[in-house]
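Single-structure report; data block below.
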């Protein structure tokens, strides 16, 4: 099935070092989110739902888990003939030295041969560590309508936060006139979402030149986009409205999970017309005990709740024993909280055990506590 | 790879007491929220290394075919293994002629061409966990012609009605089979689970056909007890037969007890099913859920107690759901109070305030009904 002649490349090589212990063993796109998902499920499901057949996933940092996870294209329905998910770590080639990906643009440059085998008309470049639902096919329509050489998805951010982002300055109609990376005095509040559609032929030419440029950082934001603007290419900003979150820190990852507790929240994971697909687990449905008390919570299969859960998100297989209290917290897959323990404003990492009567986190802490090691109980 | 192929049989004319069967074959009935009854026999086979499986379908195939698909989700080897759906087009669906034996005759080619030496035949209206590889090995070692699996129960007076009973001698030889009419408490309930050589199976089909056009495989077996070495092996642990609405209700409710659930769900014995990719369940302010099993994709704002809630249900503010088995995509509206009910898929309970049945006689709300 030939769909929209656009191939997607997901940049999934980042470590996400501000997520501390969560990304010690796995790359950021493989971090768990929302009870049963991993962050990379979002761009992959968006691709599948947008009618994109071929997706390359560019991995680098701690990629073993991510490689096998993303390679199972069947999970996202990317397994028909002529369709697939390809994992692309840096590889040795006949005519070049083996090199790590030196930047976002270099990751694409090193895979020009892969992209050429599909000869797409358009190339969609995505980042693997954002949480949002977006129809890339609509963005492609916009790109075509404006006869653009490149289209960049942008989102309006509060003006006072704009200096944290790459900002697009546009003229009326959406044409980009200037790009500023983290400007001290921003002129607009349109932040780049790191989602680009390029006409492949043009980008290919530019990447080949960029590879040879010793002064380049080989980065889309720092090098390719400014060069395109210099060359008077037509760049358009595509305004995205909806939920979008970069979960770069423990606090923002926690927040993004808490966002799911609101009624009619903007991410709307329950929308069956735009499902987010993920690895299927064979776990039982949730077992809720006789003494359980649950309010404002997001809980998935495999969980066993016998204690109190309030304002919290429980991931696959999390267990809360009788008398334990989970408040304003996130329990990642396989976490066990024993009797009488109290967890407040904390994010408990995969498979960590919190012992009997232990106290973790506090209601008035400024930051969310990351619990990545077993917490011993008290008798 | 197993030396046996598997057959999953349909529920016979004796097992048609559940109103949910009006919409689908028993195997496709939802079980414990996220499963279908047929997931259990097929997972047993898959976990036992049987990966050539025939599923017989007598009527209303849509939901079962949709659920089984290629069988990939049952972890059956995608190249070497095979999940085959076999349809029976003989006559009227509830006709006395429409027996399992008639279905085997109709699909005789498909049985004859199986390369495995043995066959394991299991039902699609019973739920239990059993290792068929062990069952097969015991059978081979015993030298018997046919081995049947049974469970000794002490509640046969009001449970397992219309199931077959095995009358055994002291050496566990099968003397005869008879239907359970509920006149004796302690009975060996036949789990409709057989193992035998394919050749013996084919002989039995042939023999049954010659004796009577309305015979079932169990009838043919009963006629052979005198001349063949037929033995019983006993099974322990969770065992339920979905013979009517009450037994379906009880089978689900029983699994709210986690000790019971552990008899059915073992660590190393995955029960596979088809995923629906639903998101986790959302509990809102004011929700009150106790002693229940909840599937994914639900929105819960009301009270749920001693109930099994299927995927994608909505329990709105002020609603009370007590002792209910609720199938997928059901809406329990604001302030609606339901008790002791089985609520079939897509039903919406919006306008009635109270729908309460007696626990001994659970009520039933039909698929897609709006109340």
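The backbone N, Cα and C atoms fix where each Cβ goes, glycine too.
Keep in mind that TrEMBL annotations are predicted by a computer and have not been checked by a curator.
Feature list (source: TrEMBL):
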DOMAIN    A:8-262  domain 'Nucleotidyl transferase'
BINDING   A:101, A:166, A:181, A:182, A:192  alpha-D-glucose 1-phosphate binding site
(message) Validating a neighbour-count step here. Other CB atoms within 10 A of the CB of residue A:166 (alpha-D-glucose 1-phosphate binding site): how many?
(response) 21
(message) Counting only residues 6+ away in sequence within the same chain, which have a CB under 8 Å from the CB of residue A:182 (alpha-D-glucose 1-phosphate binding site)?
(response) A:163, A:164, A:165, A:166, A:167
(request) Compare all C-alpha positions of A:101, A:166, A:181, A:182, A:192, the record's alpha-D-glucose 1-phosphate binders, and send over the largest distance in angstrom. (result) 23
(request) Report the same-chain neighbours of residue A:101 (alpha-D-glucose 1-phosphate binding site): residues 6+ apart in sequence with Cβ closer than 8 Å to its Cβ, ordered by sequence. (result) A:13, A:58, A:60, A:90, A:107, A:110
(request) Give the sequence-ordered list of residues that share a chain with residue A:181 (alpha-D-glucose 1-phosphate binding site), lie 6 or more positions from it, and have CB atoms under 8 Å from its CB. (result) A:166, A:167, A:221, A:222
(message) Using a 10 Å radius around its CB, how many other CB atoms surround residue A:192 (alpha-D-glucose 1-phosphate binding site)?
(response) 21
